[in-house]
């Protein structure tokens, strides 16, 4: 069970809604993933119509919506988008994204911290997408963010946990949930994140662009479950030296 702010989730896999070939395929993949929290880019939705091709099937699916501010380049733009989302969708939950460079889509740490502090004061449950910077994540926690979402690698790159060393520090020091976001390309990446101690992962591109998104969503669900179980089982310590699992000499002495 995962608790963030005022909500609890059975699934530790969060999903996105971008890049799917159709809304129907998107919903089928989300259902196969078991995800209960789904991100939604405000710039891709017609907030005036609840029969929007993306929004309507998500509402029908009964998932918790996490609108995001993707496309915002400044704190002011992100705050404005957040206020629109709260009014239109009736939710105070928000994934805060501010990335001014369209090529790399890396989050702006200064604008993110600035916006997060303001949005928390306005009553939002803020989940900020941020770089894998332990100091920044601690500052975001201190201003009241309900979780932190450090990247594993650039958005949509499928590179995996390139920031593993920093993620380990973030996880160790955090007192709010840590959701590894961006760069997760295959289910084994997700399993590794959960084994490391992350509370959840957010996956979009890896599922949406697969030849079979529904099958890939299922694979991610199973990988996240496996990673969580492995962590709870407490793996043995790594060792520099070999350690035999069977006697090396006893059987020879018995035959002598």
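In case you wondered, yes, glycine gets a Cβ from its N, Cα and C as well.
Quick caveat, the model's predicted, so the values are computed rather than measured.
The 1-deoxy-D-xylulose 5-phosphate site in Swiss-Prot is built from 182, 183, 204, 205 plus one of 156, 227, 236, namely 156. Highlighted in sequence order, 16, 153, 154, 155, 157, 158, 181, 184, 185, 203, 206 have their Cβ within 8 Å of the centre of the Cβ atoms of 156, 182, 183, 204, 205, the residues recorded for 1-deoxy-D-xylulose 5-phosphate, and are not part of that set. A 10 Å cutoff on Cβ-Cβ distances gives residue 95 (active site, schiff-base intermediate with DXP) a total of 27 other Cβ atoms nearby, all chains included. Annotation for residue 205 (1-deoxy-D-xylulose 5-phosphate binding site): same-chain Cβ neighbours under 8 Å, separated by at least 6 residues, are 16, 18, 19, 155, 156, 158, 185.
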